[in-house]
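What TrEMBL annotates here:
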{"type": "TRANSMEM", "residues": "38-61", "note": "transmembrane segment"}
{"type": "TRANSMEM", "residues": "94-115", "note": "transmembrane segment"}
{"type": "TRANSMEM", "residues": "178-197", "note": "transmembrane segment"}
{"type": "TRANSMEM", "residues": "217-241", "note": "transmembrane segment"}
{"type": "TRANSMEM", "residues": "256-277", "note": "transmembrane segment"}
{"type": "TRANSMEM", "residues": "289-314", "note": "transmembrane segment"}
{"type": "TRANSMEM", "residues": "348-372", "note": "transmembrane segment"}
{"type": "TRANSMEM", "residues": "393-417", "note": "transmembrane segment"}
{"type": "TRANSMEM", "residues": "423-444", "note": "transmembrane segment"}
{"type": "TRANSMEM", "residues": "464-483", "note": "transmembrane segment"}
{"type": "TRANSMEM", "residues": "503-525", "note": "transmembrane segment"}
Amino acid sequence: MQYICHHCRIIAAWTLIETGNVVGLGNVWRFPYLCYKYGGGAFLIPYLVFVFTCGVPLFLLETAMGQYTQEGGITCWHRLCPLAEGIGYAGQLILLYSCMYYIIILAWALFYLVFSFSSQLPWASCDNTWNTDDCINLVAKNLTLNRTMLINSTPAATEFWERRVLSLSGGIEEIGKINWEILLCLIAMWIICYFCIWKGVKSTGKVVYFTATFPYVMLLVLLIRGLTLPGALQGVVFYLYPEPARLSDPQVWLEAGAQILFSYSVSVGTLTVLASYNKYNNNCYRDSLWLCLLNSCTSFVAGFAVFSVLGFMAQEQGVPIAEVAESGPGLAFIAYPQAVAMMPLPQFWAVCFFIMIILLGLDTQFVSMEAVMTSVMDLFPMILRRPGRRECFLLLFCLTCFLGQFIMVTEGGMYVFQLFDYYACNGACVLFLSVFESLAMGWIFGAERMFDIIEDMTKSRPNYMFMLCWKYLTPLVSLMSFVCSLVEYTPLTFNRWYVYPDWAYALGWLLALSSIVLVPGWALGQMFARKGSLKQRWSHLCSPDKELPLTCKQRAEMKKSVFTTEMEDLVRTDTDEHENGH
């Protein structure tokens, strides 16, 4: 039936990989901060090591897996290596966690965007009802600052973020009441997301032509503006000034690895899902290389846009750049808004910045939702591929995530948000998946077989370095990083002062382990559930689906085998006839 035919997919989704996966909030608000914090230009060394040993090899591997099998993030493993199907389930669980907390960032950005049209930016003054006596207006031109004043006061932008946007409580124990304004913004973002992807990649592919290209325009505008500000040069130098001594710190390498895995969206099944919409003969090898290059270049260039503005802000305040540099929400909702408030036409630059943040986040949210939707629909094609079922299932998925987010729009919601960010979707979980993904495909399925598949699809054989990575370098580097992340683990704190209660840390570890245990749990469960000897069960679970497409090499070998068998039968028949004749 037409609605079940998986090979009748709409061929439109590679644009999603080019957009939502190539550039996201992590490129803009995380990479520049990591670069400055962990050695400036020297940070590029571990970054590039992970690019070539983990990022690009896994990007190509997952893209090839999806394009070859034409399946989602779970069923592709069932066809290639059933023993490792738990990797698919674990990746989808991480994506589900991501969908639940990531869209909160878009709700905050929408809230800021609405206030950006005010005659006076509310985070640029201390004359508001939410401000305290400790508030200090850093935008005031006649303000003389000293270090003591900065320590004993709170900038207006920080008070707007913590007291107006978050209505921050004293801790996760104090959940408090719902912030209805943020809740309305969250509802608006869910409605946008729903109607942008409810018809599948056909509708999403059209939307991302705008949501992917416009952030680049905004980034270019902000880059040009930032580089023309006084103090921009000092900011850029601070961003890239190399500190080779930092390379001996294991944390530097851990952060570089985590940044690559998240930035490239590997090991969670996103690339596999999107590539499954490609034609069989699409040149995924060339596309993967170019997209990885575009991703890293975007991160690098975004650093100039960010730190040129932070350099300007530091000069205006007369403080070191290190005191204004932030990462994550701190950059997007405190440091950068404070900086644009100091510029001429602050409303215009605030609108540009928050539109960019929203569009960058929407791309990532679209892709994550589409990956989960496609993977689940591929598990139950008879039920969910009927007309109208996708829209109903997507609505159920959005409502489920929305109801799970209610606690994140309360006064204590930020503490819950940080738990999800730090534990449920952290680098250790993705590193763990990358270890077993490369082992399963490099050794059980076979790196040589995957090379033949890529050559058959693209008509070009990949560099032999990729085979070395899949079999040796990627699992080794990922495993070492995973072990180091556990050794170097530090409990989550908020604003460097709030320590979570023990039950919150237990909840965080439960979120992290919920995806990790699926990999060995699934493998052991299948080994016990199958019938036959241990060797037979292992052999069956490690064998790919016999219905997978045959490569030209495999067809030639089959023809040769058939021809050889026929010749042997013919010779045997002639011999028998000759002996019977005598």
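Glycine is no exception: its Cβ is also placed from the backbone N, Cα and C atoms.
Against the transmembrane segment (256-277), stretch 38-61 shows more Cβ pairs under 8 Å than any other of 38-61, 94-115, 393-417.
Sequence-distant residue pairs (6 or more apart) of the transmembrane segment (217-241) and the transmembrane segment (464-483) include fewer than 3 whose Cβ atoms are under 8 Å, leaving the two stretches without contact. Beyond the ends of the transmembrane segment (348-372), by six or more residues, the same chain brings 13, 16, 19-21, 23-25, 27-28, 72-73, 92, 95-96, 98-99, 102-103, 105-106, 109-110, 112-113, 116-117, 121, 189, 192-193, 196-197, 200-201, 204, 207-208, 210-212, 214-215, 218-219, 221-222, 225, 265, 268-270, 273-274, 332, 336-337, 340-341, 394, 397-398 to within a C-beta distance below 8 angstroms of the stretch. Contact between the transmembrane segment (289-314) and the transmembrane segment (38-61) is present: at least three CB pairs lie under 8 Å, with pairs separated by 6 or more positions in sequence. Of the two recorded stretches, the transmembrane segment (503-525) does not lie close to the transmembrane segment (38-61), with fewer than three CB pairs under 8 Å once pairs fewer than 6 apart in sequence are set aside. Among the stretches 38-61, 94-115, 423-444, the one making the largest number of Cβ pairs under 8 Å with the transmembrane segment (464-483) is 423-444.
The transmembrane segment (94-115) is in contact with the transmembrane segment (423-444), judged by 3+ CB-CB distances under 8 Å for residue pairs 6 or more apart in sequence.
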